[in-house]
Amino acid sequence: KHLSEICKAEYPRLVRYCLWLLAELAVIAADIPEVIGTAFALNILFNIPVWGGVLVTGCSTLLLLGLQRFGIRKLEMLISTLVFVMAACFFGEMSYVKPPASGVLKGMFVPKLNGQGATADAIALLGALIMPHNLFLHSALVLSRKVPNSVRGINEACRYFLIESGFALFVAFLINVAVISVSGTVCSSSNLSSENAGHCDDLTLDSASFLLKNVLGRSSSTIYAIALLASGQSSAITGTYAGQYIMQGFLDLKMKRWIRNLMTRTIAIAPSLVVSIIGGSSGAGRLIVIASMILSFELPFALIPLLKFSSSSTKMGPHKNSMIIIVISWILGLGIIGINVYYLVTAFVDWLMHNGLPKVGNVFIGIIVFPLMAIYVGSVIYLAFRKDNVQTYIETKNNTAMQTHVEKGFMNPNGELELNHGPIREDLADIPLPQ
């Protein structure tokens with residue numbers, strides 16, 4: 001079973017619906033940066049206003065579905081190639097601007113936040129890297145692989161999945177290091193031109209292409225925009241699949257891909273359009289940070305069940321996490337949750353003290369917001385300390401016939417033998433899976 005299915009079996013109906021709603025909101029929040037990123041790419045390529053690009057992104061759903069006809073793996077390869085091109089460009093720019101190696105290494109391993117809004121940006125980066133809906137997605141996609149259903153086979157598959165995920169995160173880490181090092185070095189240069197200084201004062205995805213001019217010349221904007229467009233569409237792919245698994249796991253509902261994609265895209269377009277009209281590219285760039293922060297705040301509601309279930313013998317049997325992994329993962333998870341709660345409380349209190357509103361208005365806002373904060377913290381505590389009772393791991397070692405079929409992958413989720421049932425889950429068979 002994948003994560004959303006186990007949540008459905010474990011939690012009461014109200015909790016399950018709340019978790020489903022939060023997961024759906026995470027998909028929509030992740031789609032907002034994709035919409036704005038696509039709008040920025042269209043602005044760079046065709047000089048379309050950002051608000052116009054937001055409207056055009058609705059049509060990119062049709063483009064995405066058309067490209068998927070060639071196969072998900074081929075589409076992923078194309079997107080990865082474009083993103084790696086941009087990554088190579090930033091690494092080339094690093095060799096040109098030559099950021100101090102000591103500063104880069106210190107920034108990688110010594111946490112430091114300077115300036116107003118730095119904490120918010122760090123939390124947004126965390127939410128953008130570890131998206132809560134992707135935790136549901138990855139736990140479902142592994143079921144599409146033809147893995148021997150034996151202890152040894154599953155352990156080997158887990159090892160390869162760990163390597164795959166670790167490599168992807170490591171590449172993302174290197175790209176972030178390159179982007180931050182280049183932007184920091186260029187924008188802190190003493191001989192910075194007045195035009196570039198203006199870009200650095202309001203650095204967004206729409207204006208960041210100037211950072212690559214030293215290595216790409218006039219083509220820097222085009223390459224940057226194509227890679228930005230590709231990364232946005234890759235986010236749309238993961239959001240579509242994650243939303244389908246979340247709906248099916250929590251609610252037993254299935255939806256066609258184009259309807260699912262169009263629904264989330266339409267909901268994401270509304271706030272993106274309003275902000276881009278009122279605030280322009282700067283406001284749209286800020287909305288990306290806000291949406292990513294929302295993802296970070298929602299992360300505990302997917303992370304806590306994942307940590308609990310993957311460390312439970314009643315859920316995982318012999319495949320549960322080792323004690324070392326349990327300790328390390330919970331320390332990191334509690335650290336993420338603590339940072340979110342600390343920032344949420346301190347940022348709101350600071351805003352109340354310095355917003356300039358009348359005292360009556362601040363009292364009224366406090367009466368509304370503080371109970372919501374208490375509900376948020378209480379929900380996190382409930383998920384963390386609730387005792388799990390439902391057993392989802394099916395023991396077969398004492399049943400020779402069943403174990404034989406299990407190791408061949410011919411057992412359905414209910415533990416019933418099906419000689420004609422293949423190694424891919426029956427309830428996932430009609431959902432388009434990566435080939």
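Backbone N, Cα and C define each Cβ position, glycine as well.
Quick look at what TrEMBL lists:
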TRANSMEM  14-32  transmembrane segment
TRANSMEM  44-65  transmembrane segment
TRANSMEM  77-97  transmembrane segment
TRANSMEM  117-137  transmembrane segment
TRANSMEM  158-182  transmembrane segment
TRANSMEM  222-242  transmembrane segment
TRANSMEM  262-281  transmembrane segment
TRANSMEM  287-309  transmembrane segment
TRANSMEM  321-343  transmembrane segment
TRANSMEM  363-385  transmembrane segment
Within the same chain, where does the transmembrane segment (287-309) have neighbours whose Cβ lies under 8 angstroms from its own Cβ atoms, ignoring anything closer than 6 residues to its ends? I mean 6 or more beyond.
3, 6-7, 10, 19, 22-23, 25-26, 29-30, 32-33, 36-37, 120-121, 123-128, 130-133, 135-136, 139, 205, 271-272, 275, 279, 315-316, 326, 329-330, 333, 336-337, 340, 344, 376, 379-380, 383-384, 388
So are the transmembrane segment (77-97) and the transmembrane segment (158-182) touching or not, going by 3+ C-beta pairs under 8 A with a sequence gap of 6 or more?
yes
Does the transmembrane segment (262-281) come near the transmembrane segment (117-137), with 3+ Cβ pairs under 8 Å (pairs 6 or more apart)?
no
